[in-house]
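Q: Among the features that TrEMBL reports, active site is placed at D235, D676. Residues or ranges marked as UDP-alpha-D-glucose binding site by TrEMBL: K205, E206, D235, K428. The Mn(2+) binding site annotation in TrEMBL covers K429, D453. The feature transmembrane segment is assigned by TrEMBL to 99-125, 747-770, 776-799, 820-841, 871-894, 906-925, 937-958.
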Amino acid sequence: MSKDQAVEDNAYMEKLQISNAIFTGGFNTVTRMHLIKLDTNNGGGLCTGCELSYTHVSDDEAENQDLSLLSMADDFETKDTAEFGSEVKKTRRPLAWKLSVSPTILISYRLLTIIRLLLLGFYLTWTLTHPNHESMWLWRISITCELWFAFSWLLEQLPRLYFVNRGTDVSALKDRFESPNLQNPKGQFDLPGIEVFVTTADPQKEPLLVTANTILSILAVDYPVEKLACYLSDDAGSLLTFESLVDTVKFARIWVPFCRKHGIEPRSPEAYFKQKHDFLKNKVRLDFAGDRRRVKREYDEFKVRINSLPETIKRRSDAYNAKEELKAKMNPSEMGENSLNEIKISKATWMSDGSYWPGTWEVPGEDDHSRGDHVGIIHVMLASSDAKPVYGSNKNGKNLIDTTNVDIRLPMLVYMSREKRPGYCHNKKAGAVNSLLRTSAIMSNGPFILTLDCDHYIYNSLALREGMCFMLDKGGDRVCYVQFPQRYDGIDPDDLYANHNTLFLDVNLRALDGLQGPCYIGTCCIFRRIALYGFSPARVTEHHGLFGTKKTKLLRRKLTVSKKEDDEMGTQINGYTLDCDDADDADTGSLPLPKRFGNSTSLAASITTMEFQGTLLQELESKGNQGRPTDSLTMPQEPLDVATVAKAISVISCVYEDNTEWGKRVGWIYDYLTEDVVTGYKMHDRGWRSVYCITKHDAFRGTAPINLTDRLHQVLQWATGSIELFFSRNNSVFATGRMKFLQKVGYFNIAVYPFTSFFILVYCFLPAISLFSRQFVVQSFVTLLTFNLVDSIILYLLAILETKWSSMTITNRWREKQAFVIWATSSYLAAVLQGLLKFIAGVNISYRLTPKLATAKDGDDEFAELYVVKWTFLMILPITIMVVNTIAIAVGIARALYSPHPEWSKLVWGMFYSFWVLCHFHPFAKGLIGRRSQTLNLFHVWSGLVSIIVLFLGIYMASPSGAQNHMKFQFP
């Protein structure tokens, strides 16, 4: 046997061992490797994960291993690339650029903003100088609300004055990193690695099939297979999620080659097979229809298996538990002295190979196997692939479709469930993602990370390449993350509860992109790993002065490694020390390395390798900074071994983060319900900038809660996180000079907007109070009407201009306004109260996982969840507002009809504003009533209100004429 063959066989053996083992461990727990089902025959075998045959080789035959990137970093830095560099520079094209907005639109938008600001100043001045002495208490309440509304609008409007659009060139990315050249004649991929983090916390609220479709879309994405790794964090430690992932891997061997062969879009099977358009359009291969039919049949069977998993695991566990109980009764001596009186058998959850599941058992209450008490688990479902493509074969009994000339490799896929123990704070989603961050650093160490919720799948297979255009282009070393907008499937056509969030996603975030970049919104985001580790960018601009008009550009010291023989600070690990300079805290740079990242030497050693892979090419770096040479990332990644996975187990222990900077300055930030916004804020505060990438075709799509109750609780959680941010040290008022002034304004608006709930609540009751008390805010309705008319026209013109550079429509804008009033009188108000309780009394705020929509079966109503009415305390105030305003209208009419001195003008304006309030609650009332076919339609509610009014008018007209003389309508 040749030495090369021995090395190749040894790599296969490593894949076999890794892919067929579950690693468990944790605090005060021995790290164990449990081998699962393995089929071996005559000294060979077949890996159930990667389906690769293997042979046993001796240790001597496998000594010659490929060098890692860390050991070869010095060789890369001394490689001569000047010869081809000059040739590249001649033909270099930019990967990304800014698209200028029309000056006509920009100038008009700014001019209208100034006009409305002057109009607000005029109105407030007039109101202050013309108080209504007949109802001073109402006047004072009104002027207070108006002042807040003007301030709130100014906070929201100022960051919108510098909006931009962006574009990318994916073909230029391919030419730069994948085309053959003098040093890379075969055109091997020189792109850096990307790791995809998917998080799930409850298989009941987050359906297994939804998560499986997300994983399938990741495995089929258009990116070099050997440079891609997918990590799934199962915070529930559920066997349901684990076995669904096993089935997903099996179906992926059919789905991924099918996508590559026929260029399928989107690459989530559920989304693809639900498309209504002609699937044969633009398909040129003759075997496409047959392949699609066979893959569709396999997917239907796959769905049946996934949906039946709960019952399958329950039956299997019941059978094994019954067997164990019978065995205990047959051998009572093994149970101890009291075995004759009582035999107690733990109701375990069993895996398919007949062994205990080390995670959470389905029957609660068992020590070491409950939702908050289990060991850490890592299982490599798919090992990393080699750089050399592996092509399939003709269609036969084993191969469902013909995959000749189709690369059938699959990216690396890892299942992880971090250790949980009673008495330890696990920090919700942020803690889970930080565990993934450490695990991936040891196992694959990609310099870029894509974060996805389990219900957000990749809709555009080129999404990763579009994001990398911003990271790898000139100036990309200052970009900490590329945020994509969230787009949704399954939202009702009317979008009753504004689930599309078009105002925030298509207006506010686009506007922040013209400053320092959009905030991080929790998913659909590509990160630079070095930024997540808490380091500052290579170059920083500091802003001084009242509004940050003075700028100072600083060249920061880059991440370096220096060897020290003696280090009193304790920063030395294996002879290396990390030198850094973080301005957010003067003591951060001098902290010992274990204090920052924990005591894992493998994690510390991975930092320099990762930083090298994420740097720009040499010809793109500015003077004084040395980039990486061209084609330095074309070599294959070092294969995983058992020792590496065992080291990864140690960093997901429940005690690993104790006395470290994780969750404070490193990784995702803890102690906030909206950890995403705070994490992005910390990066911007260090001087990083972010980019908003809106692609021609949606990059990602997900699901949103269309049920009223679930939507109310989702908004409550977001608003509570904003209140936590407002009362914290991370309020943008305390931001450093590295953050632009208007960026600070944008973050301050994110923290302060829930407080508007108090003032909107007052304004929702104000018309009804006026009708009841016959006292009004102002005396001159003509002036008020004139202001409202002019103000509405200006706001309408601003909305029209916003539609010119965003995808928002006027209808979306009205729906967003309705939703804002509904949330302000329900979720925002509750969020403010919760935030005040936490700040004043230290009351902890519970986290509620938003349920994800399950995939609708064929023939089912896609929007059935929209009509389900689930009571919550958040509905009390909106219902009260609707009832009070309706009664106020009826009382006002009755009082005017039978009053000897009616004030018709006040009645008309009171009714008008009450109707205006009720119009904002139309979506709420529609959702509260439920399905049209089962309950009263909203039309009947409004009909009843109109009938009451007509009834009073009829009584008035039927009364004696003499009684009507006093009823004359006139303006004051």
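Heads up, the Cβ atoms here are built off N, Cα and C, so glycines get one too.
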Q: Quick one: do the transmembrane segment (99-125) and the transmembrane segment (776-799) have at least 3 Cβ pairs under 8 Å, skipping pairs fewer than 6 apart in sequence?
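A: By the criterion, they touch.
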Q: Looking at the stretches 747-770, 776-799, 906-925, which one shares the most CB pairs under 8 Å with the transmembrane segment (820-841)?
A: 747-770
Q: With Cβ-Cβ distances below 8 Å as the criterion, list the same-chain residues six or more beyond the ends of the transmembrane segment (871-894) that contact it, or say none.
A: 708-709, 712-713, 716, 761, 764-765, 767-769, 771-772, 822, 825-827, 829-830, 907, 910-911, 914-915, 917-918, 921, 924-925, 928, 945, 948-949, 952-953
Q: Using the Cβ centroid of K205, E206, D235, K428 as the reference point for the UDP-alpha-D-glucose site, which residues of the same chain not in that list have Cβ within 8 Å?
A: T199, T200, A201, D202, A236, K429, L849
Q: Can you grab the distance from K428 (UDP-alpha-D-glucose binding site) over to D676 (active site)? Cα atoms, rounded to a whole Å.
A: 12
Q: What does the structure give for the C-alpha distance between E206 (UDP-alpha-D-glucose binding site) and D453 (Mn(2+) binding site)? Integer Å is fine.
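A: With distance taken Cα to Cα, D453 (Mn(2+) binding site) is 10 Å from E206 (UDP-alpha-D-glucose binding site).
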Q: Roughly how many Å separate the Cα of D235 (active site) from that of D676 (active site), to the nearest whole number?
A: 18
Q: As a test of the contact definition, list every same-chain residue at least 6 positions from K429 (Mn(2+) binding site) whose Cβ is closer than 8 Å to its Cβ.
A: T199, A201, D235, W668, E675
Q: Report the same-chain neighbours of K205 (UDP-alpha-D-glucose binding site): residues 6+ apart in sequence with Cβ closer than 8 Å to its Cβ, ordered by sequence.
A: L849, T850, P851, K852
Q: Using the alpha carbons only, what distance in Å do you get between D676 (active site) and D453 (Mn(2+) binding site) once rounded?
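A: Given the Cα positions, D676 (active site) is 12 Å from D453 (Mn(2+) binding site).
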Q: Can you check which residues sit near D453 (Mn(2+) binding site), meaning Cβ under 8 Å from its Cβ, same chain, 6 or more apart in sequence, and list them in order?
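A: Counting only residues 6 or more apart in sequence, the Cβ neighbours of D453 (Mn(2+) binding site) under 8 Å are V198, T199, G522, T523, G702.
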Q: Counting across all protein chains shown, how many other Cβ atoms sit within 10 Å of the Cβ of E206 (UDP-alpha-D-glucose binding site)?
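A: So the Cβ neighbour count for E206 (UDP-alpha-D-glucose binding site) comes to 23.
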Q: Considering each pair of residues in K205, E206, D235, K428, all listed as binding UDP-alpha-D-glucose, report the largest CA to CA distance in Å, no decimals.
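A: Binding-site diameter by Cα atoms for UDP-alpha-D-glucose: 15 Å.
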